[in-house]
Amino acid sequence: MSPSFKSTAILGAVALAARVRAHGYVSGIVVDGAYHGGYIVDKYPYMPNPPDVVGWSTTATDLGFVAPDAFGDPDIICHRDGAPGAIHAKVNAGATIELQWNTWPESHHGPVIDYLANCNGDCSSVDKTSLKFFKISEAGLNDGSNAPGQWASDDLIANNNSWTVTIPKSIAPGNYVLRHEIIALHSAGNQNGAQNYPQCFNLEITSNGSDNPEGVLGTELYKADDPGILFNIYQPMDSYPIPGPALYTGGSSPSPNPPTSTQSPVPQPTQSPPSGSNPGNGNGDDDNDNGNETPSPSLPVEIPDDLTSRELLLVAQEIIARLLELQNQLVVSN
């Protein structure tokens with residue numbers, strides 16, 4: 001390993017540690033041109049009276065993930081301690097929904113998957129453990145010829161951190177939970193290394209359809225040893241087995257949207273947490289990490305001294321992922 005490679009890797013690792021909390025969340029959704037707010041997890045938990053939104057609340061203020069060893073836990077359903085949103089977004093079957101992430105780190109390559117579950121009543125009071133999800137959209141590996149590959153998550157980033165999903169025309173009308181998820185695979189070559197980021201939203205769907213797909217309980221969607229969960233992206237890949245149940249016949253595997261230069265307004269936090277709280281501002285990195293450029297942080301770089309043990313683990317995983325990518329770049333260049 002050359003000295004320049006070593007120094008680049010070390011500086012990149014330090015920069016990652018300094019920005020360990022940079023993962024994103026869905027700040028809102030757009031339906032027929034109307035914006036509906038999501039749960040702003042780095043703001044609303046610290047407000048005495050947060051607004052009613054369609055997005056489910058969560059206690060994942062560190063913007064962390066659900067690991068494979070928690071796939072049987074209710075946290076996998078709609079993220080950590082997920083609780084239903086208070087209101088519903090109205091949408092016609094056959095229409096598209098744009099989900100707007102506030103950010104997503106380029107190093108966190110992986111699939112984007114969408115599910116629906118019929119609440120059989122008001123979603124604002126539904127028991128999440130009773131929800132049965134059917135997959136309506138999935139997208140995974142686009143090109144695996146050069147590790148770590150081009151993924152659906154890269155399409156999301158290229159489209160201004162947004163993703164579009166179509167509500168199947170054939171499903172019956174009713175209130176549904178939309179479960180949108182990115183699975184980050186940068187550490188998935190190791191047991192318990194995949195990172196699931198589920199986000200949930202309440203929908204009121206109007207439809208002339210009649211299908212009521214059976215679905216799968218959220219705690220049964222994945223297993224820790226599924227081929228698409230335990231998966232090494234740091235090697236040439238011919239294909240990728242997208243995890244979860246089979247795609248609903250009325251669903252789709254979307255083609256990526258072309259990148260756009262504009263997007264609907266995304267609400268930004270305007271209030272800092274109370275003194276003494278430690279919400280963090282993400283767990284990932286925001287470097288250009290597409291295999292063409294390497295990190296070039298300015299010095300000195302301070303590593304936060306208030307990281308939790310979970311965040312320290314994330315730092316280690318991020319460092320390993322970055323080193324593997326840099327090593328792959330060196331091999332390719334030689």
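Start at 1 and count along the chain as shown; that gives each residue its number.
The backbone N, Cα and C atoms fix where each Cβ goes, glycine too.
It should be emphasised that the depicted structure is a prediction, and the values quoted were computed from it without experimental measurement.
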Binding-site annotation, Swiss-Prot, Cu(2+): partner of H23, H108 in Y197, Y222, Y234, Y240: Y197
Listed as N-linked glycosylation site by Swiss-Prot, one of N160, N292: N160
Nearest recorded site to H186 (O2 binding site) by CA-CA distance, among recorded positions C78, C119, C123, N208: C78
Cβ-based isolation winner (fewest other Cβ atoms within 10 Å) among the disulfide-bonded residues C78, C119, C200: C119
Residue among recorded positions N160, Q195, N208 with least C-beta crowding, 10 angstrom cut-off: N208
N160 (N-linked glycosylation site) versus recorded positions C78, C119, C123, C200, N208 - nearest by Cα: C200
Three-state secondary structure, Q195 (O2 binding site) (per DSSP): strand
Same chain, 6+ residues apart, C-beta under 8 Å of the C-beta of C123 (disulfide bond), given in sequence order: P84, G85, H88, N175, Y176, V177, N202, L203
